[in-house]
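Before any comments, here is the structure.
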Amino acid sequence: MFRNHRSVWEEVNLDNLSYNMGNIKKKVNCKEIFAVVKANGYGHGALDIASTLLENGATRLSVACLSEAIELREGGITCPINILGITPPTLFEDIINYNIEPVVFSYDYANQLSKAASLKNRIVKTHIAVDTGMGRLGFDPTVESLEEIKRIQNLSNIKIEGLCSHFSSSDEKDKSYSEYQFKIFQNFRKKLIQMNMKIPIHHMSNSAAIIDLPSTYLDAVRAGIILYGYYPSREVNKENLHIKQVMTLKANIVHIKTIDSGKYVGYNRKFKTKRKSKIAILPLGYGDGYTRFLSNRGKVIINGQYAPIVGNICMDQCMIDVTDIKEVKVGDEVIIIGKDNINNLRYDAEDIASKVGMTSGEIMSIISKRVPRVYIKNGNIVKVRNYIA
């Protein structure tokens, strides 16, 4: 199929990614869409999915840190890129050189950025963050903050491109706190307008707000986990937006051994056979981002059947009990995350997340760069990304 140094890989369905992006575009019908590709595109490979997102409705990209933005720029991505997290002043030169749009949360920070830009005779576009109730980055919605933002606007090498905030609880069924946050943002925004401040883009809507809170779309939205086919929680109204899962994590069985009843499997003797058992070895472990919390709790799909994880998941391998699976052999394909095409069995990131007390976003994002990404379009492999050659 493709040259791979290990019998484990992640398939990324670009058709499903296009479908999701297209459906989001139809739903929001607004000026700008930020596609959030932080954490290596939620584990899907930011650089290799960016063009598909931009071709199907995204106008901008959002990342968490400067290194993620630089990877996109050096990979040929030219659209506006917004950093949602903090960039230390020591890295302002790279912000300027790579034409990145950082979030600004204080006058002193903006002033340092303006001074760095003036040395290169450049104007830096920034986004003013407002903390409306997340308790994280951003200006508090106070009179003092209004005055500080006005001072930022007057800096010679800064252009305020956007005003943004973030919902803390929009994925909950009860939307009262989200409505409270949005009201604060709108009031703050109106006060800036009254001060003759013209900011091109106002954005607050995240994935859950895109689904359930159309009144919050404003000039732009930030689509995150819904791009990849997962809902932010089970409390959002899934009927409001149809999406398809993009990722399938797979491995091949590399070894099978028969173990007598009463024998241990794995580190620390956490699993003991109760019968003569057939144990298959997969070349996948927590070093690949397959969480150890699934030890003796998770399952995989083989030949249209479920098989349980047995013993502690190792750094590079894990063991599964295939005693009840007929005609299983070395080389058989195993679905770790995703759905099979035999009996339509499913074991996806949401299933895993609910099992171990995590979120589907966590499960996808922790898949390491040791795992090759295989990009599929119209049923054909169009690209393979081996991060580690």
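The backbone N, Cα and C atoms fix where each Cβ goes, and this holds for glycine too.
Listed features, source TrEMBL:
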- LYS38: active site, proton acceptor (ACT_SITE)
- TYR267: active site, proton acceptor (ACT_SITE)
- ARG136, MET315: substrate binding site (BINDING)
- 246-376: domain 'Alanine racemase C-terminal' (DOMAIN)
- LYS38: N6-(pyridoxal phosphate)lysine (MOD_RES)
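Features recorded in TrEMBL, as mapped to the structure shown.
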residue: LYS38; record: active site, proton acceptor; CB count, 10 Å: 19
residue: ARG136; record: substrate binding site; CB count, 10 Å: 11
residue: TYR267; record: active site, proton acceptor; CB count, 10 Å: 14
residue: MET315; record: substrate binding site; CB count, 10 Å: 12
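Cα spacing between TYR267 (active site, proton acceptor) and ARG136 (substrate binding site): 40 Å, rounded to the nearest whole number.
The average pLDDT computed over the domain 'Alanine racemase C-terminal' (246-376) stands at 97. The helix, strand and coil residue counts that DSSP assigns across the domain 'Alanine racemase C-terminal' (246-376) are 23 helix, 48 strand, 60 coil. In this structure the C-alpha atoms belonging to MET315 (substrate binding site) and LYS38 (active site, proton acceptor) are separated by 25 Å. Cα separation, ARG136 (substrate binding site) to LYS38 (active site, proton acceptor), rounded: 18 Å.
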